[in-house]
Each structure stands twice: as C-alpha cells, then as structure tokens.
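> Sharing a structure, written as structure tokens. Questions coming.
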C-alpha cells in the first residue's frame with residue numbers, strides 16, 4: 001500500500017528583520033521623495049513563506065507625515081515632506097512586519113524594527129544682521145533694524161564709528177555650521193568717505209565729510225563659503241556741525257515786574273524798563289549768527 005502524506009504549512013513563525021535597530025543621519029535639505037533606507041535593508045523574512053505586510057508609525061509627537069514607506073509590501077522608507085531643523089531635530093520610527101494584512105481576523109505574527117532619525121542642519125539660511133526681529137512663528141526669518149550714527153562736518157574720526165542700536169554684526173543662523181562672514185559696503189558711499197573692515201564690520205572714515213547731507217550706506221554680509229548667501233542692511237550716517245561750546249545765558253540775573261491781579265498770560269515786564277517785556281535769551285558761540 002502506497003501512502004502519500006502532504007505536510008500542510010502552519011503559520012507558526014513570526015517575520016524576522018535582519019536588523020532591528022537603525023540610526024540614520026538625514027541632512028535638513030534632503031529632497032522630498034529621496035530614499036532614506038533602502039528596501040533591501042528593511043525587508044523581513046518569514047520561515048512560513050508568507051507574504052509580509054508592513055506598517056510605519058512615528059513615536060515622537062509632531063513629527064508624523066515626514067517619513068513613509070513605498071507600499072504595504074515595500075518597506076523602503078522615503079522622505080515625504082521637506083524637513084526643517086527648527087521644527088524638530090530627531091524622531092523615532094517603528095516599522096512593523098506582519099504575515100497577515102492589518103485588517104485580517106486570522107492569527108497574525110508580528111515583528112518590529114526601530115529606526116532613529118537624526119536631522120542634520122544644512123546651510124539653508126543667509127546671514128542675519130543683529131539685532132533683528134522675527135517675523136514668523138517658525139523664527140526662520142529675522143529682519144534687522146536700521147543702524148544709525150553721526151559724524152562731525154569736516155572732521156576725520158580716527159576710531160570706528162559708534163552706531164545704534166549696536167555695532168554692525170551678522171551671524172550664520174545655521175548655528176551648527178556657523179560659516180565665517182565678511183562685510184562690505186555696496187552702496188551709498190558717496191565720495192568714498194567710509195570704509196569697512198571685512199572681518200569685523202567696523203565702519204571707519206577715509207576722509208572728512210564736507211557735505212551736510214546724510215549718508216545711507218548699504219552694507220552686505222556674505223558667507224565666505226558661498227557668496228550667494230548674503231544679506232543687506234542699511235546704515236544712516238548723519239553729518240552734523242561740531243559743537244565746541246555750551247550755550248549760555250546773556251545775563252546771570254533777570255529782573256521782572258508783575259502787577260497784582262494780573263491776568264494769566266500777561267507779559268512780565270523788565271524791572272528797569274516797565275514798558276518793555278522781559279526776554280530771557282541764550283547764545284551759542286558755535287552759531288554766532290543765530
């Protein structure tokens with residue numbers, strides 16, 4: 001008697017990942033749809049030879065939607081949405097492998113792998129002049145204030161000019177990269193009166209200002225590694241007449257006369273000349289004709 005025995009496969013094995021813990025460093029400027037981890041590295045095997053069904057979840061709040069898998073049977077992880085280092089710097093993904101669809105009512109065996117994603121800041125922002133004011137909630141755009149200073153007419157200042165609200169200074173907002181910045185004057189420098197130190201941003205004078213007109217300089221801060229990363233700030237320099245003398249009163253004592261019950265707003269008259277209103281005057285030797 002010949003007996004043929006057929007062994008029926010029982011679903012008694014769980015899927016297995018070759019590796020259950022991954023750490024990937026992802027640059028902030030990675031393009032959307034780029035592969036983060038290839039299918040070959042993430043595919044699970046099943047001794048029962050079942051079809052494997054995958055699911056990707058995120059464990060860190062506010063970081064879902066950035067990473068996804070190619071399909072329910074394809075565990076390749078790709079970037080689904082553009083990254084922003086200011087929003088989050090890391091996240092943890094859990095990849096599940098099942099030998100039955102998620103919606104199946106049959107007994108299901110499951111395996112999981114943990115994927116730690118570290119976001120690496122990229123050189124995405126131009127320099128910021130300080131101080132500056134943020135104009136969006138993400139704090140990714142910062143608008144600088146107007147720098148202001150003054151110089152004396154026909155006088156050459158030998159020290160760097162003092163400016164408000166502070167010295168000219170710019171930073172690389174991609175602070176983990178912190179590229180070196182150089183400074184230059186790119187506009188408004190009539191007659192080449194001013195010059196700027198490329199390394200420090202200090203503003204100095206080449207020669208005296210001979211015109212009373214104000215200067216509105218355009219100053220540029222540029223990243224050394226990439227001249228296309230730059231910012232422009234305005235510097236207003238007012239030219240004033242130098243004051244060598246303090247104003248003073250023409251007399252040290254003024255005597256006046258008023259009458260009893262005199263109405264408010266009435267003139268006070270000179271004590272020596274009751275018919276002449278009392279006048280208190282001051283002069284400034286810097287302005288002899290005024």
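From the backbone N, Cα and C atoms, a Cβ is placed for every residue, glycine too.
Just so you know, TrEMBL annotations are computer predictions that nobody has curated.
According to TrEMBL, the protein carries these features:
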type: DOMAIN; residues: 18-129; note: domain 'Cadherin'
type: DOMAIN; residues: 151-249; note: domain 'Cadherin'
> Do you know the DSSP helix, strand and coil residue counts for the domain 'Cadherin' (18-129)?
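Helix (H, G, I), strand (E, B), coil: 4 helix, 51 strand, 57 coil.
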> Take every residue in the domain 'Cadherin' (151-249), average their pLDDT values, and give the whole-number result.
94
